[in-house]
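Here the structure comes first, spelled out in structure tokens, and everything after it is commentary.
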Amino acid sequence: MFCWTYWKAIFTPPSTPTKKFHLSYTDKERYEMEERPDVQKQILIDIAKKLPIFTRAQSGGTQSYDAKNLSAMCTFAQQLQLYNHLAECCKWQCLPVKHVIGCKRWQLIVFISMSSAIRFCDRCQVIKPDRCHHCSVCETCVLKMDHHCPWVNNCVGFSNYKFFLLFLSYSMIYCVFIASTVFQYFLKYWVGDLPNGPAKFHVLFLLFVALMFFVSLLFLFGYHCWLVAKNRSTLEAFSAPVFQNGPDRNGFNVGLSRNLQQVFGEDKKLWFIPVFTSQGDGHYFPLRTLRESENPLLANEGKWMEDGGSDEESSDEILAVSEDLAHSPTV
């Protein structure tokens, strides 16, 4: 099983996006001929509307709202109340408000999520599906890319992630087997019953190498078990995927049972056999049941744009709210 899983982890080619995620000849020509970044961004948005894509490129910004009449000593409850009003007043920005950073020098700093750009690979000329990343070593976009492993000389992703986990587990079992079979000879060497010769050095070498590899693999396997339980990849653990409402490390976490089934499949009899049983095709992954519409602060950008409102009216309303809070008694 150790050799089988190692073979599958090495020689299983990484999955790449299908043709429907590639730009057509007309769209590609229109995208390359356009020099304005905003128009290029809109072209990708229009194309992505037909695709099951929910993640966005990472970008963001901050917006400062002048609140000179706001007391610097306002309580957290008052700041939270002002935040709720700002969430309504900032609709004219056409961007969702993420959270209030704090009050500093009579200014209330509000972080605004601007993650609306479609993830596009200029090298492969493909719109990246969710959890897809470009590997600079393999020179291709890999579905649900976890990392590029030099030990197997292959990208670990959707097509071979199960094989990689099984390879780690069977490697640990193999190390335990070697250490247990050599340990009796190590005891003889320790008490002096083992005859002098090169064999005793082989015993020491095998034992310590097996134990060192076992400890290393144990930490690596434990880390990937934690990733599977949280339904994250190594890349997502370091950099959270960005959705329309902002970054969310648990965006694909649908529960421990369903997370395991996505990697190992529904048939538990095949979990420990290196055959492909992962769910889906690598282009779409279920999201958490929490929807943006359930939270008024994370409403759709399109809805905010339709509500409209002049900039002057919104800014006047913000100042009016800050004045009310400044003269209100502290909690």
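Using the three backbone atoms N, Cα and C, a Cβ is placed for every residue, glycine included.
For reference, TrEMBL has these:
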DOMAIN    118-238  domain 'Palmitoyltransferase DHHC'
TRANSMEM  163-187  transmembrane segment
TRANSMEM  199-223  transmembrane segment
REGION    301-331  region 'Disordered'
Average the pLDDT scores across the domain 'Palmitoyltransferase DHHC' (118-238) and report the rounded value. 90
Summary of DSSP states over the domain 'Palmitoyltransferase DHHC' (118-238), given as helix, strand and coil counts: 69 helix, 16 strand, 36 coil
